[in-house]
Amino acid sequence: FLVVLLATTNAEVIDLQWDVDVDDTFGPSSSAQPVITINNKFPGPLINSTTNDIVRVNRLNSWQDGVSGTNCAIKPGTNWTYAFVVKDQIGTFTYFPSINYQKVAGGFGPIRVNNRIVINVPFAKPEAEFDLLIGDWFVTDYKAIRSRLGASTEVPDMMLINGKAPYGYSTSKPYESVEVTKGKTYRLRISNVGTMLSFNFRIQNHKMVVVETEGSYTNQTTLDSLDVHVGQSYSVLVTADQDDGDYYIVATPKMLNTTDDSPLVAKGVLHYTESGSRVSGPLPTGPDPWDVEFSVNQARSIRWNMTTGAARPNPQGTFNVSNVTLTETIILHGLQADIGGSYHYAVNNISYLTPDTPLKLADYYVNGSGVYRLGEFPIHSVNDEATYGVSVVNATHKGWHEIIFQNDLTLMDSWHLDGYGFYVVGFGDGEWTPGSRNSYNLYDPVVRSTVQVYPGGWTAVYAFLDNPGMWNLRSQHLKRWYLGQELYIRVHDDDPNPAKENPPPENLLLCGEFGEPLSPGGALAPSPGW
């Protein structure tokens with residue numbers, strides 16, 4: 001089991017015990033795919049927190065980041081306690097397992113970070129909130145899928161809403177239903193928890209107003225449908241303004257041809273409390289799944305609300321990028337690689353090879369010696385020959401970094417940076433050049449932590465790296481991530497002040513080169529350079 005520790009600003013502590021298990025009978029179909037459950041739930045339980053609570057993504061603490069570069073794995077049959085702060089954050093997020101391809105089997109759940117009472121939310125309080133975790137799903141055991149990963153693309157079997165199969169898929173399996181009352185407005189927190197497919201979300205006969213994405217309040221834009229890419233989260237407001245009845249909730253995959261009765265079309269029901277009829281009629285139509293122009297234009301229209309507060313009372317627009325001085329530009333090409341006849345993904349032709357010792361441990365105790373080397377990763381070019389490597393970029397603490405994500409492939413990609421939100425300043429076709437900066441939106445770019453990169457195109461972000469630590473930068477497409485499309489950003493500050501970065505937790509797991517304590521007192525000593 002896993003214990004998650006929460007504490008309010010008044011030092012109230014709430015202990016949540018999580019029992020993480022595998023259930024062969026829990027799946028949305030009759031297949032043999034085992035499902036990773038938490039407290040016998042799939043998806044896992046909601047983490048409902050408020051800004052500065054002790055819970056998730058500690059902006060001062062990469063010790064708790066939960067990826068292979070920062071943490072030793074939690075061994076089977078053991079437990080470990082996470083304790084981290086949602087420091088200066090609000091918004092909609094998710095949690096999930098990060099190693100061994102386990103996300104294919106579930107283990108994910110929703111996270112809400114609510115505003116403190118002293119800070120106004122830029123819209124009226126909704127009648128209720130609903131988490132919609134939507135994503136592609138395989139009916140085959142994840143270990144079997146993992147064992148045969150290769151150049152061919154294995155298409156998922158269905159699209160789920162909150163772990164449930166599409167409406168009409170099976171009379172013996174439940175579908176997702178959201179109950180509303182006529183005239184009331186509701187907040188839907190929509191997350192793409194899938195492994196490879198972007199989707200377009202829509203509700204029959206209802207419009208939605210986008211209000212938030214991954215910790216940023218957005219300009220309130222009314223849409224008929226919304227593209228959500230792998231790893232992304234949004235909040236939308238939906239008003240029950242139609243006649244009492246049942247209406248389709250639909251998520252259709254992007255860049256894939258499907259029919260309305262395909263299990264790859266997620267279908268749920270918006271159910272009015274006074275409804276006397278079942279859902280009927282054709283599914284609500286959406287954009288052509290291959291219409292990249294529609295998707296790019298919609299992405300460009302989602303902009304930061306410059307006048308509202310969020311985690312802090314001062315307006316979000318107080319922090320703008322219109323006049324920043326860039327410290328460094330990092331250009332990252334996500335591509336396929338053949339290394340000795342073995343199929344992989346890579347960044348700038350280096351496929352990440354996970355060392356036995358987490359980078360964070362090596363960085364703290366021996367300045368990375370014997371585990372990784374700084375200065376070897378090419379940040380502006382693609383190596384001529386594909387190789388394995390432990391890719392670490394040494395970034396300037398409190399520097400403004402321009403990161404260019406270049407997608408050299410014909411499929412969608414998503415990139416995520418742990419520990420930060422970045423400003424999404426531009427999208428474009430073809431190869432990025434310095435002249436591409438002329439198309440940037442530097443006035444009100446939205447801040448988020450996961451951004452899509454369109455096939456054959458580029459996405460540009462600005463990141464202010466004020467948060468010391470070892471932070472994972474990766475493709476959110478699980479196959480690409482697992483096969484090497486990732487690296488780490490090392491943000492170092494010589495000042496040991498724990499207000500900048502917490503020291504290692506008392507229950508720090510040791511592994512790799514540090515599997516046993518090194519000092520007589522049973523504790524490792526940090527290197528003099530940290």
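Quick reminder: no glycine exception, Cβ is built from N, Cα and C everywhere.
Quick look at what TrEMBL annotates:
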type	residues	note
DOMAIN	60-116	domain 'Plastocyanin-like'
DOMAIN	132-274	domain 'Plastocyanin-like'
DOMAIN	359-494	domain 'Plastocyanin-like'
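Mean model confidence for the domain 'Plastocyanin-like' (132-274) is a pLDDT of 95. In terms of DSSP secondary structure, the domain 'Plastocyanin-like' (359-494) contains 19 helix, 56 strand, 61 coil. Secondary structure of the domain 'Plastocyanin-like' (132-274) per DSSP (helix as H, G, I; strand as E, B; remaining residues coil): 6 helix, 69 strand, 68 coil.
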